[in-house]
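Working notes for the structure below.
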Amino acid sequence: MLAAAAVFASTSAIAQPAPPPKLIIALSIDQFSADLFDEYRPVLLGGIGRLSRGTVYRNGYQSHNATETCPGHSTIMTGSRPSRTGIIANYWFDLSQDRSDKGVFCAEDERVPGSSSTLYTVSPYHLRVPTLGDLWKPAHPGARNVAVAGKDRAAVMMSGHVADQRWYWDGKTFVTDLKDAAMPRSVAAARTAVANAIAEDRSALEMPSLCQAKSRVIPIEGGGPPVGNTAFARKAGDIRNFRSSPEFDGAVLALAASLIEEMQLGRGSSTDVISIGLSATDFVGHSYGTEGAEMCLQLFSLDRDLGDFFRLLDSKGIDYLVVLTADHGGQDIPERRREQGVPGAARVDAALTAAAVGKAVGAKLGLTGPVLYGEGSFGDVYIDRALSSADQARAKAAAVAAYRAHPQVEAVFTKEQLTATPSPTASPDKWSLIERARASFDPERTGDFIVLLRRDITPIADTRSYVATHGSPWDYDRRVPILFWRRDMAAVDHAEAIETVDIMPTLAASIGLPVDASSIDGECLRAIQGIVCP
């Protein structure tokens, strides 16, 4: 009887709509896999700990194949998979464009004269769909749509086409692509504070006991230095190591808090939206892997900083709804994974790059030119359009056969196969590989074929820059936490698989924003206290 009453009370609370929050905070922790969340959840007692006592979906999915930063961020605030957002990868190729650099960066406008995929003009030009802020602002002119992030593509893809303020790190300081937005005082102050911080030496962080237990030197194949026991000491002026440390997220959160105060977000007549992209976890993961002392220190520090951030908002009396998720997961370095019982963990064969395979195919068929275009050893591969139609067909057949024959390749899907595959409708944890690839497919931007590596293959052969990454169709890259929190929300855990595309329609329901269900891929989540779906 008592158990039934408790269930009824919980269900009743969920069914009762709460007043719209005054501020929506969308937090993305770059490369924060569900595996990391599960591992550290019991010991994170700050900001992440607070959100863990809200509505928790342990099995969220960035459900698509190309688990990279830009596609992942494009799903969070649009309700749409990359097949609909058009953001199929961080980079792709457009062989028809006039500029000599045929590559395209996801958050650029390549129409700008003199630009390239590395020296680009930041823009939401490639994002085919609106974000929550894009939909909300026209109906509520007083509402503000703001973004702060450690990466330009995170800020752009979460805020979209109609942002009031958008600031991100360009490698030296915080900048914006919004030409008509005056620099707020808080941004000027943040730029000065960060410059001063970088100009000083930083001593090593003190390691909690859990991090000490993980502190062990791991030699790295591929020419890179050993990792595993770094505590983020750095010399003055070392911007790279500033970015790959907890300091970086701290700076982003400080800027976000300052903008909230200066703009009085959450204190106007309409709900405001701020998207915050926390990128340091990704840089730490790339630089050191996910299972060493470095990631441990990063997550403890981020948890503390998020706790401070939320307490500051509480002190201002702001009624805010938070959602936290990630753009993708990540896998640890293969050297450590083998020690932990994964014998198949390995680094990719350097001969699998599109350039290397294209050269081999060209030599075999007597073709000149690059033959193939692609970024690295997996993902989208394009046939050189300078070849005749007949030679393009020969090159494609030979390249697909070469990739499929390689022991590190799991699958190769052609554009024709992807075109013939329906968009998946089942639970994302049940999708086949080609369905995962279909969710990343855009007929105008996807390559002539795509290459998927086997599980546990790290697509980094040369480790002098980075040692670990993501981007695969496997669940260590796809599975991410999705957490909702608002004051007085009951703590509820859900084990069912959902998608990050479910976030936007759920947030829309919280503020009474109608969304055409046929225009998105996600669905409003019906088990969150205070949010009533249409």
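Glycine too: its Cβ is placed from the backbone N, Cα and C atoms.
Feature list (source: TrEMBL):
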- T69: active site, phosphothreonine intermediate (ACT_SITE)
- N90, K151, D152, R153: substrate binding site (BINDING)
- 1-15: signal peptide (SIGNAL)
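Take the mean position of the Cβ atoms of N90, K151, D152, R153, the recorded substrate site; other residues of that chain with a Cβ within 8 Å of it are T69, C70, H73, F105, C106, A107, A154, V156, M157, Y168. K151 (substrate binding site) sits 9 Å from the residue listed as 'active site, phosphothreonine intermediate', taking the CA atoms of both as reference points. For K151 (substrate binding site), other Cβ atoms within 10 Å of its Cβ number 26.
Take the CB of T69 (active site, phosphothreonine intermediate) and look out to 10 A: across all protein chains shown you find 26 other CB atoms. Annotation for D152 (substrate binding site): spatial neighbours A107, V122, Y168, W169, D170, D177, criterion Cβ-Cβ under 8 Å with sequence separation of six or more. Geometry remark: R153 (substrate binding site) versus T69 (active site, phosphothreonine intermediate), CA distance 7 Å.
Residues within less than 8 Å, Cβ to Cβ, of N90 (substrate binding site) and separated from it by at least 6 positions along the same chain comprise E68, T69, C70, P71, F105, C106, R153.
Neighbour count (other Cβ atoms within 10 Å of the Cβ, all protein chains): 27 for R153 (substrate binding site). In the three-state DSSP reading, N90 (substrate binding site) counts as coil. In three-state terms derived from DSSP, D152 (substrate binding site) belongs to a helical segment. Looking at the residues that bind substrate per the record, N90, K151, D152, R153, the two CA atoms farthest apart are separated by 12 Å.
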